[in-house]
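*Asks:* Here you go, one structure.
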Amino acid sequence: MAGRRVNVNVGVLGHIDSGKTALARALSTTASTAAFDKQPQSRERGITLDLGFSCFSVPLPARLRSSLPEFQAAPEAEPEPGEPLLQVTLVDCPGHASLIRTIIGGAQIIDLMMLVIDVTKGMQTQSAECLVIGQIACQKLVVVLNKIDLLPEGKRQAAIDKMTKKMQKTLENTKFRGAPIIPVAAKPGGPEAPETEAPQGIPELIELLTSQISIPTRDPSGPFLMSVDHCFSIKGQGTVMTGTILSGSISLGDSVEIPALKVVKKVKSMQMFHMPITSAMQGDRLGICVTQFDPKLLERGLVCAPESLHTVHAALISVEKIPYFRGPLQTKAKFHITVGHETVMGRLMFFSPAPDNFDQEPILDSFNFSQEYLFQEQYLSKDLTPAVTDNDEADKKAGQATEGHCPRQQWALVEFEKPVTCPRLCLVIGSRLDADIHTNTCRLAFHGILLHGLEDRNYADSFLPRLKVYKLKHKHGLVERAMDDYSVIGRSLFKKETNIQLFVGLKVHLSTGELGIIDSAFGQSGKFKIHIPGGLSPESKKILTPALKKRARAGRGEATRQEESAERSEPSQHVVLSLTFKRYVFDTHKRMVQSP
């Protein structure tokens, strides 16, 4: 029986200078092409500028062997026959704040996250942002307290215990509550120390990682999609693209598309950590060799089965606000949108279910176009500032929820400043990367799933009218007087210049309980006639009678003067008119619609 190798991706994330690259190097036995600060700029500055990859292998633990489905392990050329191995691929993500785009790209291919903390400094800004990304994109966490060699020997254990308690408290309100925390010294003495200095705690860390790892569910079906992080040429062979398979599978001789360039190439050969293979599937990290392709055209990006990705100009996404982000998410605001392997600016419009559907079960993998949605001036959340939530009138005008009642699911229309190529149902992260990187604030604003991409450049005309997002409009006026038992005159609902003909046929409610229908304009001053199909109640007539009596007593010769006087006469108490209607945001005819 050939040896088998199961691949699991472990992300190494944390603040700049926390020792992530040194830790990955200490853990690794095999370095992949993109590993360990290969970029000259990165080596000079001592920070990781791109995703570095390396790996180590251990015998597959017995607890994982028994549950291993046959299709989840890929045959390899070199392991000892019959000895299945667990290959841990380490994804070393940069910790520099301005490179958060790269971190987000890396987190999407990670099965378990190692959060590296400098034990002398504790939780820092980028550590917190990495933790936020981990909560979105990852299920398991191991916290590594690095640089314990810098702690005074006599106080070392006390300092480690103190930081462990701090981290446990930090994780308490996250999905990673109770995650294991382990102290190490990846490179005792720091970067300048001689290589002879042995790392501390690495065997224990490997043991901990092995105990925490579970074999991810891998699915070879579906279209092939690979996240490419490095591209280079080999003389006489061709161009090699290295990366991790996000979905599907691939075999020798298959055709792949580089969607950003609209180029299709045939797979000539494949390698996984320097070992030739004939096929690979979701979760595997490999290099694909193609011919006649300039590696300079693609440093990072996506490679896929031909025509399986779409390029979109806008998208409908589900939205969930990141609680650590300060401030509201407002309609018309611009955010950095990370989708697929790209980060572009996008303008957002938020919307929610209609108020009656606020408690409906969230649908995570599709968008229902037959349903009506309520426009929102901003994402609804319980942490809105009092200045916003106290303004009930503004809330009503926008049709927003008051008293902290929030819908279980919300969405946004994102309009990208330039088209993006991405898979369907992919992760979307919105952030404010232009915020000051030195302030101690979370720049990650929201996350969600891309539910529907709009590929037509003219989507505003061809698609958006299908999207039934409405604003709820409320107008209030007064009944000036009754004309007879079945009609009244209203005022103060419209401006003088309003074309009242547009509102004819709309229903209004009187504060006395009657239902009326706008019948016609009355004069030129914005007044209008309302028909009351059920007639005025005796109580309403009593309120509105002063004007009727005055008109009845008026003599013929004084008709005009008395009519003017009657118009000025007020009822004994105000009767308020309420007009409520929907206006659909993308209706080109701007029609007003009322519920039956």
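Counting begins at 1 with the first residue displayed.
Note that Cβ sites are derived from N, Cα and C of the backbone, with glycine treated the same way.
Dumping what Swiss-Prot says about this protein:
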type	residues	note
BINDING	Gly19, Thr21, Ala22, Asp149, Lys187	GDP binding site
BINDING	Gly19, Thr21, Ala22, Asp149, Lys187	GTP binding site
BINDING	Thr21, Thr48, Asp92	Mg(2+) binding site
REGION	146-149	region 'G4'
MOD_RES	Ser537	phosphoserine
MOD_RES	Thr545	phosphothreonine
COMPBIAS	555-571	compositional bias 'Basic and acidic residues'
MOD_RES	Arg556	omega-N-methylarginine
*Asks:* For the region 'G4' (146-149), DSSP counts of helix, strand and coil?
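*Replies:* Grouping H, G, I as helix and E, B as strand yields 2 helix, 1 strand, 1 coil.
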*Asks:* How many Å lie between the Cα of Ala22 (GDP binding site) and the Cα of Ser537 (phosphoserine)?
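*Replies:* Per the Cα atoms, Ala22 (GDP binding site) and Ser537 (phosphoserine) stand 84 Å apart.
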*Asks:* According to DSSP, does Asp92 (Mg(2+) binding site) sit in a helix, a strand, or coil?
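*Replies:* In the DSSP reduction, Asp92 (Mg(2+) binding site) maps to strand.
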*Asks:* Have a look at the binding-site residues Gly19, Asp92, Asp149, Lys187 and say which one has the shortest Cα distance to Ser537 (phosphoserine).
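*Replies:* Its closest listed neighbour, by Cα, is Asp92.
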*Asks:* List the binding-site residues among Thr21, Asp149, Lys187 whose C-alpha is within 10 Å of the C-alpha of Asp92 (Mg(2+) binding site), in sequence order, or say none.
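*Replies:* Thr21, listed in sequence order.
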*Asks:* Rank the recorded positions Thr21, Ser537 by the number of other Cβ atoms within 10 Å of each Cβ and report the first-ranked residue.
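*Replies:* Of Thr21, Ser537, the one with the most crowded Cβ is Thr21.
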*Asks:* Same chain only, sequence gap of 6 or more: which residues have a CB within under 8 Å of the CB of Asp149 (GDP binding site)?
*Replies:* Ala185, Pro188, Gly189, Gln200
*Asks:* What number of additional C-beta atoms lies within 10 angstroms of the C-beta atom of Lys187 (GDP binding site)?
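*Replies:* A 10 Å sphere around the Cβ of Lys187 (GDP binding site) contains 22 other Cβ atoms.
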